Amino acid sequence: MKTNLLNYDLQGLTRHFADTGEKPFRAKQVMRWMHQSGAQNFNEMTDLAKSLRHKLNEQASIEIPKLMMSQESSDGTRKWLLDVGTGNGVETVFIPESDRGTLCISSQVGCALECTFCSTGRQGFNRNLTAAEIIGQLWWANKAMGVTPKNERVISNVVMMGMGEPMANFDNVVTALSIMLDDHGYGLSRRRVTVSTSGMVPQMDRLRDVMPVALAVSLHASNDEVRNQIVPLNKKYPLKELMAACQRYLVKAPRDFITFEYVMLDGINDRAQHARELIELVKDVPCKFNLIPFNPFPNSGYERSSNENIRVFRDILQQAGFVVTVRKTRGDDIDAACGQLAGQVQDKTRRQQKWQQILIGQQG
């Protein structure tokens, strides 16, 4: 079986070449060809000796996930569905803005965490993505988006906020992050790469030590009672532990704040009292808030907060001195908005079946 070199960061690729009797510097050459030139076969790598190209063709491969579908929203948002085998597909979304181009990348086929307001969570869970399947999303998007008139890459920022919980696929995500940051890969700065987590505290500590990129935390509640209901992981790592982990992370973080993501659910977490509880909760954590109007999906059981409730909630936080943004809903006409990514998941958890039974019971 051939070795897919897309699974290696520079350290791994260097080790691979050394193990196969080749000069270690070849790793940098091959990495640049794969990630900066978008090469898909070794014959394109003209600065490698023919004998090495032949050897690589015999022993190795560059396997990119295949494109299943591409869509473009009326607002310029683009979504790609990529085939990761055995009937599974993951979604990657590009969001254009005036000062940046952000790519939202998936880390798992489905998600095991069962956050109740998230479409991905309803799809169940199949498996972790490999490092090649994670970085392959950036490879595809770079190929599709090209460069600006100034010969700069259109994709300037990456957020690990697609399908799945990145911290639950720690090793493969870290390898992909290493490729993103490497000057022989995509050359992104740590400040422009963000990992989002629902609050896996031990993995937050590990990421701080090995790959401290910008951090976003899917908070979504101001107290344990509400968060236990909508983010079940909170029962394992309650808010007090999560806030302490955020403080520890900031010691090595490239930014001096944590971004707290907060989906606005009508009547659940969007009242003035919740905003005041939030202020008390995060008082020792330098942070900013990203309020996310809930993006409906069929049979979710939730409603989007009213614009008035979102405004009042935002104003309370701002008056307390916090930086607060209300996320614009982008790509909702192609189901590319936050919380809508579902891909194609061959569920191994029977979660889809469970939700169908619940819905049938409600209808009965």
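Including glycine, each Cβ sits where the backbone N, Cα and C put it.
Copied over from Swiss-Prot, here are the features:
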type	residues	note
ACT_SITE	Glu91	active site, proton acceptor
DOMAIN	97-333	domain 'Radical SAM core'
DISULFID	Cys104-Cys338	disulfide bond
BINDING	Gly164, Glu165, Ser196, Ser218, Leu219, His220, Asn295	S-adenosyl-L-methionine binding site
ACT_SITE	Cys338	active site, S-methylcysteine intermediate
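Across the domain 'Radical SAM core' (97-333), the prediction's mean pLDDT works out to 93. Taking every pair among Gly164, Glu165, Ser196, Ser218, Leu219, His220, Asn295, the residues listed as contacting S-adenosyl-L-methionine, the largest Cα to Cα separation comes to 19 Å.
The two recorded residues, Cys104 (disulfide bond) and the residue listed as 'active site, proton acceptor', have Cα atoms 9 Å apart.
Here the C-alpha separation of Asn295 (S-adenosyl-L-methionine binding site) and Glu91 (active site, proton acceptor) works out to 16 Å. Long-range Cβ contacts of Gly164 (S-adenosyl-L-methionine binding site) within its own chain (separation 6+, distance under 8 Å): Ser106, Ser107, Gln108, Val109, Gly110, Cys111, Thr120, Asn128, Leu129.
Leu219 (S-adenosyl-L-methionine binding site) falls outside any helix or strand according to DSSP and counts as coil. Rounded to a whole number, the distance between the Cα atoms of Glu91 (active site, proton acceptor) and His220 (S-adenosyl-L-methionine binding site) is 23 Å. Cβ neighbour count for Leu219 (S-adenosyl-L-methionine binding site): 28 (other Cβ atoms within 10 Å of its Cβ, all protein chains included).
The Cβ neighbour count for Asn295 (S-adenosyl-L-methionine binding site), using a 10 Å radius over every protein chain in view, is 24.
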